[in-house]
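One structure is given here, and the rest of the page talks about it.
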Amino acid sequence: MSNIDKATVAKIARLARIKIEDQKLAPLAGELNQILNWVEQLDEVNTDNVAPMASVVDAKLRWRSDEITDGDKQESVLKNAPKAEYGFFAVPKVIE
Amino acid sequence: MSKYIIQGAKDDFEVVIGLEVHAQVISNSKLFSGASTEFGAEPNSQVSLVDAAMPGMLPTINAECVRQAVRTGLAIGAEINKYSVFDRKNYFYADLPQGYQISQFKHPIVGEGTVVLDMGDNKTKDVGVERIHLEQDAGKSMHDQHPQYTYVDLNRSGVALMEIVSKPDMTSPEEAGAYLTKLRTILRYIGTCDGNMEQGSMRADVNVSVRRAGEPLGTRCEIKNVNSIRFVRQAVEVEARRQVDIIEAGGKIDQETRLFDPVKGETRSMRSKEEAHDYRYFPDPDLLPLEFDDAFVEAARASLPELPDEKKARLVKALGLNDYTASVLVAEKETAVYFENILEALTSKTGKDAAALAVKASNWVTGDLFGALNKAGKTIEDSPVSAEQGAELLALIEDGTISGRIAKDVFEIMFETGKGAGVIVEEKGLKQVSDTGEIEKIIDAVIAANPEQLAQYRAGRDKLIGFFVGQVMKETGGKANPGMVNQLLKPKLDG
Amino acid sequence: MSDLTKLKIAEARNLLGKGELSARELTEAHVKAVEASTPLNAYVAVTADQAITMADAADAKIKAGNINGMTGIPVGIKDLFATKGVHTQACSHILDGFKPEYESTVTQKLWDDGAIMLGKLNMDEFAMGSSNETSYYGPVKNPWRRGTTDTVPGGSSGGSVAAVAGFAAMGATASDTGGSIRQPASFTGTFGIKPTYGRCSRYGMVAFASSLDQAGVITRDVRDGAIMLASISGFDPKDSTSVDLAVPNFEAAITGDIRGMKIGIPAEYRQDGMPSEIEALWQKGIGWLKDAGAEIVDISLPHTKYALATYYIVAPAEASSNLARYDGVRYGLRVTPENGSLDAMYDATRAAGFGDEVKRRIMIGTYVLSAGYYDAYYLKAQKVRQLISNDFKSAFEKVDAILTPTAPSAAFAPGEKTDDPLSMYLNDVFTVPASLAGLPGSSVPAGLDANGLPLGLQILGKPWDEETVFKVSGVIEEAAGFTATPSVWWR
């Protein structure tokens, strides 16, 4: 039985980088528990000796040849950027 | 080599070291996009829309990166996994456009292998490699260009890296350094990584723990992104000392990520970055499992050149070099190439057997050439004297045209001017005098000019023969054939 | 309003080919219809000028004798297909203002064939929803109403079905992750087909759950679906999961001849509490196929009841990772609190940019992948997924196609299921299993419920056997004789 508490919701939100207001933590915990308790019905299925599905298509990964076919499009790369300066993306300063 | 021990106030401690080396794969284009991998371009100019993680962009794998990883595995005798899987390692950072790094977690492309370290005195040590996996590099963040902003350049984003993970088999800073050195040599030999640590093509995360002798492994700390072999040694040293001090003071080591500061000579915690790391690895659904067959592995194996250990063994066995000289010659791929080229040219010029010339050639390379390069601050790659030119010089000694002494002067001029040895000898009239009559004339004159020394010699001071040889050489400007001088001088002195 | 908007693609193709109709006329009629369709809220961006330019180019092509199935045909594009220089936001606020510098393979193939873009179609945000109520651009209205009550068009391809059912596009691109083509098709009396996973390139398609997402089409009948799907199908080296197989002539497969074909009826789809109308329609469908000479075979897909739970682990897990790139750094929305750090910018941007359902799924996905839970949830789900796929494999050893209802109900009213995520998820109960297995599936309009709302039947085929899906769909369509259209209340 899943029992996610407010602290766990806060931790997940932190991992997912989504700010969640304090007063929304409890209701969200409720929703997540409801969904998780429901998906836990999978515990009924015996999956001993079952390999997890590795790919949907029955094919091998195709390889491309080692050629330079892309790049040299700084303008396109930066075109939609909320902030770009001197050819760089600019983001709020990272404090190390 | 004696055991590396850290003496604490009460007990002696051992250090246990493991390295995770990130080596940039040599390829034209990136691991999952067609953008160039070249270093030093305009910001964000070597970025495809895939590298910038635009919505709906998908990865496609570069065959060459797969081949290079397999070649690297084969070069360290590792198990090659014909089935491997790419996983996503999820975390947020400004220079990680997708919000995940495509890496290999559960099923890496290369399994266990071994790197053999030369520990001197014909001794070696095996360091186990746990695995090698392929992954994407991140971009670059610059925090010091603007007061409010961090600038992000994605040129490196998506470049293929091999992460080479050692076992915790090293027990001293020297071994850690030797491991990284050897690994770098191997990668450079086989051409899978240029080993350029200054440009960041190779960097190491160093795991360090300490324990009292006989105790189980202690808690380890990971020192991130150490970018020179010297710093690896230093980082191990100071980190081990730090841990010993804590333990002896009754403290406990926290497993954490640390940073080595070479200026202050200390490591410090990066705990701020560690907060809440949970990478949530899972197989990348945009890629299928990576599979290849034995034929692919065999083709990769066939493409490998002679490896440093093999080359060294050959130099010792077939050419009669001593272990030390052979080690020096194979340590850098360029040195080995230079040596082999000079030996080949010399063999063809003199018609003599390579084994008969190898010691002379190696002495010249590791002595005269290295000395001059060192003094000039140059590497063998930009040596003003080519292997072909070096062979010409050595050939002149071999055939008696010049003496070894004169050869040193000629080499000096060659090194400065880039001219050929033959031309210099001709221009400066440095040909060795091997004319018996001429040498005899000079010997007679020297004996006549030094009656006192002659008397002493005849009275039993044999060593004075050296004085007479020196005088004869001086008179001829060093050009007299020294063997001949010795041969002619003795009977005359003996009377 | 011109009758031109009532034409089917195949009919228009004939007229265009004979020179009795120009792409320009056809397009102008549709541009007007698009404008008039505003109350449906099917379009989030209209590209009228571009459409006219493309129409003229199509006319030139036709004049040069260079015509194929989609030349001169005006279509709508679901907002998750990247269209160069045109609004592409997957109906999320987080992609605010995003205009890609590239074209998705699916749309490029349409333009290469001479099709005409009318605009970008509304959808559930990042395709997460079954009623088109999670779009940042507001809900889409179903052209079909329950009396005078609005109904939802289904989702996530709500804009696609509303535009096609509402005569504001001759066809539309759509995408299906757990049923997002078939369920809305069923709700709107349109034909929808999702091909085999790997048949259409995902390049340039905003990702929801990569191992499930597959492009497809919405059209007004089966033949039109075959024409349009052929246009967008085919191998693409830019997508590692695209498979290098020739695209069959789907249209030629619609022969009406299914004599001797074995049709599977899965026992597990007969669920407690299934509305009698759905059950009755299914029985009708079985009868039609039997009458056409098919052999009906009872089959078992024993893990069916676990498909939804499996889906609601796998899809959010992949989504939580796929949507990590929306971080305010390189495109789209950026919200920076005053003096905020990079982390504060991430938190605020993603809080403001994602809607509740998307956040919920990202949270679930993050949780099921997190340390200590991966094996219990994600790995377990991928194992059950394998069992579900195996069920289909065994079934298809005995049958050529499978017939089921598409959705457990007809279209419902807005707001009816938004308070309870689980009841909304149950909409996908019949469509999700085939999505998990990567199988081709269609929904064919087959009848009306007591309220006069359309209901569809689902046909599932073997991997790469869309031809059989089309063949059986054609027989159902023919037998059902579904000719009803919504009364036009929105113009």
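Yeah, the Cβs are placed from backbone N, Cα and C, and that goes for glycine too.
Here's what TrEMBL has on this protein:
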{"type": "ACT_SITE", "residues": "C:K78", "note": "active site, charge relay system"}
{"type": "ACT_SITE", "residues": "C:S156", "note": "active site, charge relay system"}
{"type": "ACT_SITE", "residues": "C:S180", "note": "active site, acyl-ester intermediate"}
{"type": "DOMAIN", "residues": "C:25-469", "note": "domain 'Amidase'"}
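Confidence in the domain 'Amidase' (C:25-469), given as mean pLDDT, stands at 97.
The Cβ of C:S156 (active site, charge relay system) lies under 8 Å from the Cβ of C:M123, C:D124, C:A127, C:M128, C:G129, C:S130, C:N132, C:S175, C:T177, C:S180, C:P184, each on the same chain and at least six residues away in sequence. Its own atom aside, the Cβ of C:K78 (active site, charge relay system) has 32 Cβ atoms within 10 angstroms in the protein chains shown. In three-state terms derived from DSSP, C:S156 (active site, charge relay system) belongs to neither a helical nor a strand segment and is classed as coil. Of all Cβ atoms in the shown protein chains, 37 besides its own fall within 10 Å of the Cβ of C:S180 (active site, acyl-ester intermediate).
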